[in-house]
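Features reported for this protein in Swiss-Prot:
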- 47-150: domain 'THUMP' (DOMAIN)
- SER195, GLY196, THR197, ASP243, ALA244, ASN260: S-adenosyl-L-methionine binding site (BINDING)
Amino acid sequence: MWLEATTHPGLEDLLLEELSALYPGEGAEVDARKGRVRIPRAWVGEEALGLRLAHHLVLFRARLLLSREDPLGALERAALALPWPELEGAGSFRVEARREGEHPFTSPEVERRVGEALHRAYGVPVDLKRPAVRVRVDVRGEEAFLGVQLTERPLSRRFPKAALRGSLTPVLAQALLRLADARPGMRVLDPFTGSGTIALEAASTLGPTSPVYAGDLDEKRLGLAREAALASGLSWIRFLRADARHLPRFFPEVDRILANPPHGLRLGRKEGLFHLYWDFLRGALALLPPGGRVALLTLRPALLKRALPPGFALRHARVVEQGGVYPRVFVLEKL
């Protein structure tokens with residue numbers, strides 16, 4: 001048996017560190033397929049639901065090679081041969097199938113075949129909308145994996161919907177925090193806060209000993225972000241209508257700046273984005289002490305590098321994936 005946790009492709013090493021810290025010495029490893037980390041576990045408690053870099057958690061119980069002659073029958077027999085203690089006395093369940101690759105059957109066919117077999121065996125009613133137990137059958141190429149999904153919804157949905165409307169997930173915001181080495185007590189700025197995801201993730205991770213500032217020019221978005229912060233019990237975040245091109249006018253010195261700047265679609269030509277980067281980075285340089293860091297996302301890495309002022313050193317870069325888009329993460333340090 002093993003626990004599989006999913007994340008954004010490109011963040012597997014960070015999730016591996018988090019899992020290894022939660023379950024030290026148990027052999028966590030990155031899966032060959034992108035966006036997955038696994039660790040041998042026979043049982044998982046509530047502690048796993050506090051993972052900040054994971055979307056979903058699945059406790060897998062079996063792995064098998066599919067028979068070419070009767071693959072659906074093989075899945076049914078494998079499911080019936082396994083113990084399913086979660087189904088004993090459960091109010092409802094459903095089977096969720098995920099397929100990768102070409103197969104002579106569909107995901108609904110897998111769900112129906114395995115679901116009917118488990119229903120006959122345990123007498124538990126099927127509920128496709130809000131099941132008490134989610135049985136997972138993942139078919140990846142010629143292999144199949146059977147287990148139980150531990151998460152009803154993604155762990156990344158930890159804030160009100162208003163804070164999740166932007167392009168950045170809390171998992172990516174958490175990655176920026178870790179790559180910037182943000183620690184409790186540090187002062188943090190989110191200068192393009194939008195719906196507030198970065199600010200909320202920073203405040204909920206670092207706690208009230210860390211002042212968190214959040215700025216944006218859009219009053220409506222700032223209002224939604226404030227509401228989300230209050231609903232999340234993060235009342236110490238300081239929201240301010242501010243122009244990220246002139247940071248020193250609005251904010252005091254900070255230790256870390258975490259940013260998801262506009263990608264240029266609303267700024268017109270590349271020159272508009274270049275000047276935004278130019279002004280923002282010089283303002284960031286003015287706010288940071290030596291050793292202070294900026295962690296940001298960009299879809300225009302060459303443009304950002306061209307706008308980089310003297311006084312910053314590039315400490316880290318990586319590509320991540322979110323929803324079919326591949327932004328670059330940069331970590332800059334003031335010299």
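Residue numbers in this text run from 1 along the chain shown.
Glycine residues also receive a Cβ, built from the backbone N, Cα and C atoms like all the rest.
This view paints the features noted in Swiss-Prot onto the structure.
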residue: SER195; record: S-adenosyl-L-methionine binding site; CB count, 10 Å: 25
residue: GLY196; record: S-adenosyl-L-methionine binding site; CB count, 10 Å: 32
residue: THR197; record: S-adenosyl-L-methionine binding site; CB count, 10 Å: 28
residue: ASP243; record: S-adenosyl-L-methionine binding site; CB count, 10 Å: 15
residue: ALA244; record: S-adenosyl-L-methionine binding site; CB count, 10 Å: 24
residue: ASN260; record: S-adenosyl-L-methionine binding site; CB count, 10 Å: 23
Q. Helix, strand or coil at THR197 (S-adenosyl-L-methionine binding site), per DSSP?
A. helix
Q: Please report the DSSP secondary structure of ALA244 (S-adenosyl-L-methionine binding site), reduced to three states.
A: helix
